Amino acid sequence: MAKVSLEKDKIKFLLVEGVHQKALESLRAAGYTNIEFHKGALDDEQLKESIRDAHFIGLRSRTHLTEDVINAAEKLVAIGCFCIGTNQVDLDAAAKRGIPVFNAPFSNTRSVAELVIGELLLLLRGVPEANAKAHRGVWNKLAAGSFEARGKKLGIIGYGHIGTQLGILAESLGMYVYFYDIENKLPLGNATQVQHLSDLLNMSDVVSLHVPENPSTKNMMGAKEISLMKPGSLLINASRGTVVDIPALCDALASKHLAGAAIDVFPTEPATNSDPFTSPLCEFDNVLLTPHIGGSTQEAQENIGLEVAGKLIKYSDNGSTLSAVNFPEVSLPLHGGRRLMHIHENRPGVLTALNKIFAEQGVNIAAQYLQTSAQMGYVVIDIEADEDVAEKALQAMKAIPGTIRARLLY
């Protein structure tokens, strides 16, 4: 392979929030040794200072990459979210700068599904309330309000990777599984898709939420929806904190319309483990509250570390953007010559202008890869030419109207 445009030991990776050591091991094994690692999140000023000369940043859910922070990152090439969600990153601002954002949407699927199963079993048996009372010295041995999971109906809202895993695990306990999704999905096992959310809420003994955070899911479980739930049923939310209207949930618990709940995510969460946590749900003994630990298992964090680090390495090594959330997706083979990358506004004439540059210089294009999204185009061009010719072509590419970013990869 031709010499890379920037030596790997000069490419800086900024990793915050204690991403798993497997990520560091993967980066070092690939030749990336210039790594700045922080166990916790950085405040805005520290973040801006550290990211200023970083080429890559890896973060989890507490660090917020706003447009202001992204614009302070003068050399930033890509962002890796070592978690499922990417709502902590201004995706549009990153796209405008030609910066792809990668995440690990499936690596903690099993961990979240197992947590929900555990919460479901505890709630059905009334363990949270019995445990709280026992801690206060109250012995309350009763069968009333305590149930087996077998034969109960589980309603899953959002039948994606976590929802399907949950359904499989619940069926193994003898539960009847129903799900609601905005798209028609192929059921796994004996699960049944329900066409209307209200029907799912009416029939389910336990309702578990597994939806993304977007305008359509904000407070999707409000007073109206909770009132449609079966009296004495249970609500579990291990998806996003904005999905459940917390005051409405408190009202349903206080009136005993719901027998209990398990909440792992909240509308606002402490920035660090040393910050206090407050919620009106704290007053209810029959509610399980956990600090956003759905994906916090050693296995999940290791898988996430390997997956996201691998995506950053591939993008740095050969320009592949497969599974980027804000960027045209291209999976690329290695090439022995020179590789140039051009990120541009999706408008007519750009590809023609690019090809004209090489035609005028008498340079043959060995391979060309193009992928577009609604707003952006991403072209990777492999050529057989010396470094001076490639550098001259790069400068001409940068001058094309509509160019967001262009660089010589190697």
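Even glycines carry a Cβ here, placed using N, Cα and C.
Going by Swiss-Prot, these are the annotated features:
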BINDING   HIS161, ILE162, ASP181, ALA238, SER239, ARG240, ASP264, HIS292, ILE293, GLY294, GLY295  NAD(+) binding site
ACT_SITE  ARG240  active site
ACT_SITE  GLU269  active site
ACT_SITE  HIS292  active site, proton donor
DOMAIN    339-410  domain 'ACT'
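In this structure the alpha carbons, written CA, of SER239 (NAD(+) binding site) and GLU269 (active site) are 14 Å apart.
Of all Cβ atoms in the protein chains displayed, 18 besides its own lie within 10 Å of the Cβ of ASP181 (NAD(+) binding site).
Across the domain 'ACT' (339-410), DSSP helix (H, G, I), strand (E, B) and coil residues number 23 helix, 29 strand, 20 coil.
Of the recorded positions HIS161, ARG240, ARG240 has the largest number of other Cβ atoms within 10 Å of its own Cβ. Taking the Cβ of GLY295 (NAD(+) binding site) as reference, residues of its chain lying under 8 Å away and at least six apart in sequence are, in sequence order, CYS83, ILE84, SER107, ASN108, SER111, VAL112, GLN301, ILE304. Around ASP264 (NAD(+) binding site), taking its Cβ as the centre, 22 other Cβ atoms fall within 10 Å, counting all chains. For the pair formed by ARG240 (active site) and ASP264 (NAD(+) binding site), distance between Cα atoms is given as 9 Å, rounded to the nearest Å. Note: the CA-CA distance between GLU269 (active site) and ILE293 (NAD(+) binding site) rounds to 12 Å. Non-local neighbourhood of ILE293 (NAD(+) binding site): LEU115, ASP264, each in the same chain, at least six residues away, with C-beta under 8 Å from its C-beta.
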